[in-house]
């Protein structure tokens, strides 16, 4: 019980912990990439970052104070994020030497992410989150053995280049001097911001608006993971066919489609097919950017350039999205009641009575809350109001019961059919006119409720 209490954090503390990875992504990859390039010891730096990050992550569970937890998380991410950049560099180097395909190698990362997320989620639910740290330590040991046995010692070395100094500064100058590389980094920054908005708030919206939020989020993660596999696998073919610029145009179009769907989203399940575009906005994007930056990097500075790319996209871009997106979500994107749902959802389990929400027909308190919901927004779905009642008063009411009690408060149209302009025949126009007239008469009479037993047309 004591361990459970020490993991209860304030919202401000959670916000600080969420900001730390973005800061580490800005600092870690460029710094360790420059060190590896300068010393020509990429594998040694990679192994050091891998071991230290695994130990720091395992140590998080033993922290008994928030400041110590912040220090540990900062150290863990400063060591963990560079391992991803160095792993990408290793894949680029080795596939280039042996005639392989970077995108096809990256497929295994997508598979590992999906399988690992599923297993860790099952373990956290079954035996507690503490065991996830032990599992991560075990997986890190397996990864370390593979890194030591199968990755050659000099995978990042340039044999004809002596050790260099000031690689980070010279890499920044190289970016500024080449317009194509500078534009590429700007695109990476914008893509990082767009992806950060989606990653930060899509799952939150789906979790709150759906009657079965956990299932929706699980399906979304699975679809996103599966969507990466074909795009990574075909990335080299697409880059060769459309060039890097064409691939980035496809990424921008995919981002636009996703954003438009999210803007008008009312039912979370409808966006599941659209999440297949995640493969374009992440898989194709990462492959195109990494390939171009690797080829454009100065000799002996590939690790530094890939580290800077990671800092721009996942550090500055995603960090800006998390920070600015919170203000946008709070001020413009959510109604007051939906904002309250966001704050309450994290502690839903603690607020519910033992055994979960009670199945009940209706209570006076629930009736009052239904009217408050309608005053706040008349666009809530029945499933949304059902979830809101669970959050506010711990009762679970059927949607049919909610419908019955909404009569007299809100005029309900059981079915509305929107016909295309090709169906605007004279008879259809007349039918819609009669419906509108009857509806106006019904409203003027003071009857705001309607049922199948009381037809108005």
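All residue numbers here begin at 1 and follow the chain in the order shown.
Cβ from N, Cα, C; glycine included.
Unlike curated entries, TrEMBL annotations are predicted automatically.
Residues annotated as domain 'Major facilitator superfamily associated' in TrEMBL: 9-337.
Sequence annotations record features per position, and here TrEMBL assigns transmembrane segment to 14-33 (among others).
Outside the transmembrane segment (74-95), and at least 6 residues removed from its termini, the chain residues within Cβ reach (under 8 Å) are 20-21, 23-25, 27-29, 31-33, 36, 42, 45-46, 49-50, 52-53, 56-57, 59-60, 101-102, 105-106, 151-152, 155-156, 290-291, 294, 302-303, 306-307, 310, 314. Residues or ranges marked as transmembrane segment in TrEMBL: 74-95 (among others).
According to TrEMBL, the feature transmembrane segment maps to 107-127 (among others).
What TrEMBL lists as transmembrane segment is 133-151 (among others).
TrEMBL lists 181-210 (among others) with the feature transmembrane segment.
TrEMBL lists 216-233 (among others) with the feature transmembrane segment.
Taken from TrEMBL, the feature transmembrane segment covers 245-264 (among others).
According to TrEMBL, the feature transmembrane segment maps to 276-294 (among others). Proximity of distant same-chain residues to the transmembrane segment (276-294), defined by a Cβ-Cβ separation under 8 Å and at least 6 residues beyond the stretch ends, is recorded for 88-89, 92, 102-103, 106, 110, 181, 184, 187-188, 191, 194-195, 223-224, 227-232, 235-236, 238-239, 244, 247-248, 250-251, 254-255, 257-258, 302, 305-306, 309, 313.
The transmembrane segment feature in TrEMBL is assigned to 306-329 (among others).
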Surrounding residues of the transmembrane segment (133-151) on its own chain - C-beta under 8 Å, 6+ positions past either end: 43, 46-47, 50-51, 53-54, 57-58, 60-61, 90, 94, 116, 119-120, 123
The answer for the transmembrane segment (245-264), taking Cβ pairs under 8 Å and residues 6+ beyond its ends, is 187, 191, 194-195, 198, 202, 205, 238-239, 270-271, 274-275, 277-278, 280-281, 284-285, 288
Report, as numbers and ranges, which residues of the same chain sit near the transmembrane segment (216-233): CB under 8 Å and 6 or more residues beyond its ends. 103-104, 106-107, 109-111, 113-114, 117-118, 121, 202-203, 206-207, 210, 268-269, 271-272, 275-280, 282-284, 287
